[in-house]
Amino acid sequence: MEITNVMEYEAIAKQKLPKMIYDYYASGAEDQWTLQENRNAFSRILFRPRILIDVSKIDLTTTVLGFKMSMPIMIAPTAMQKMAHPDGEYATARAASAAGTIMTLSSWATSSVEEVASTGPGIRFFQLYVHKDRNLVAQLVRRAERADFKAIALTVDTPRLGRREADIKNRFSLPPFLTLKNFEGLDLGKIDKTNDSGLASYVAGQIDRSLSWKDVKWLQTITKLPILLKGVLTAEDARLAIEAGAAGIIVSNHGARQLDYVPATIMALEEVVKAAQGQVPVFLDGGVRRGTDVFKALALGASGVFIGRPVVFSLAADGEAGVRKVLQILHDEFELTMALCGCRSLKEITRDHIVTEWDHCRRLPPLPSARL
Ligand code: FNR
């Protein structure tokens with residue numbers, strides 16, 4: 001079947017994967033209100049396209065933390081990718097590198113930092129969950145540094161695991177032929193079957209619920225890598241993140257898998273961008289499935305976006321080729337959106353190119369100054 005948009009991969013993945021695995025990838029927390037909302041909210045933002053601008057050349061390139069990239073679309077950390085495809089994180093790493101973008105490797109990957117590094121060149125970030133055992137965390141961060149990862153994305157929305165009911169019903173566990181490779185040999189590489197979601201039990205046993213702002217400082221004492229805080233949803237926390245030394249902020253609700261009834265990330269983005277006052281870059285993930293979504297996020301002030309589920313679904317459908325295709329489709333759709341909005345570079349994308357439902361009090365740009 002010819003794939004014409006990113007969302008089509010989900011149906012293929014659903015057909016191909018065992019139910020326990022598909023449900024783990026697809027689910028949100030509890031009522032899954034935020035899961036729907038992450039998508040729906042994009043449809044409350046409409047374009048104000050500008051016309052008669054020469055768009056014969058469009059430049060999608062950007063830099064993230066100083067690294068040059070082909071486009072502002074990156075790969076979010078998603079755990080256990082070998083459940084989707086035997087090549088798992090290797091395939092994702094290669095696809096990201098071929099597309100000239102960044103892959104973020106999950107702490108709970110089924111390939112280790114060293115294995116992913118061995119797939120070849122590429123700019124990669126390492127997502128960190130802070131285990132109770134701080135020596136283990138420090139070791140892992142050192143390994144990521146040695147494997148040439150360029151930043152740490154510290155996940156700050158998961159002191160406990162959100163209640164994902166499908167995982168509870170399915171008694172989710174990691175298939176026995178797989179391990180959380182970063183923890184292999186440390187007796188923490190397995191997610192066993194329990195009377196609950198096995199992952200929820202793992203998190204309850206291993207993850208440090210006491211994690212707080214002082215630990216963001218602590219992390220800076222053990223690494224020189226820039227630290228992105230992943231999971232910020234409010235202006236208050238954006239300010240604290242900057243004061244704590246974060247090099248960037250990822251507006252994320254964990255793909256709606258943690259606290260249900262938080263706003264869609266695209267709704268929370270603007271307050272965080274305003275609070276950040278341009279001091280650090282602000283990124284967004286959650287529900288990005290179209291090039292138009294990418295444009296809307298940038299118009300609201302994001303420096304780039306990350307995608308989660310499209311990667312695991314396309315991986316399940318078609319391995320590395322699937323992930324490459326997802327990145328290509330989003331690239332092409334985003335480029336087309338820019339052209340049709342009259343933007344030739346990311347710098348030309350402005351707040352005036354969109355209007356949101358919550359803009360009714362907002363003044364339209366002043367007339368009559370013709371701004372070409
Ligand atoms: C995730 N996410 C995630 N986040 C994180 O910090 N560490 C992790 O290991 C994982 N694992 C993970 C697995 C799966 C299957 C999903 C769907 C998500 C959250 C992820 O990084 C990102 O925030 C969301 O996936 C973004 O939303 P979309 O693009 O999936 O809608």
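Glycine residues also receive a Cβ, built from the backbone N, Cα and C atoms like all the rest.
Heads up, TrEMBL stuff is auto-annotated, nobody curated it.
The model shown is predicted, which means the values in this text are computed figures rather than measured ones.
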Record-annotated glyoxylate site (TrEMBL): member among ARG163, ARG164, ARG290 besides TYR24, TYR129, HIS254, ARG257:
ARG164
Tell me the Cα distance separating HIS254 (active site, proton acceptor) from ARG289 (FMN binding site), rounded to the nearest angstrom.
15
On the three-state reduction of DSSP, what should I expect for LYS230 (FMN binding site)?
strand
Do you see any of the recorded positions TYR24, ARG164, HIS254, ARG257 whose C-alpha is within 10 Å of LYS230 (FMN binding site), and which ones?
HIS254
Out of TYR24, TYR129, which of the binding-site residues is least crowded by other Cβ atoms within 10 Å?
TYR129
On the 0 to 100 scale, where does the mean pLDDT of the domain 'FMN hydroxy acid dehydrogenase' (1-359) fall?
97
Spatially, and counting Cα to Cα, which of the recorded positions is closest to ARG164 (glyoxylate binding site)? Options: HIS254, ASP285, GLY287, ARG309.
HIS254
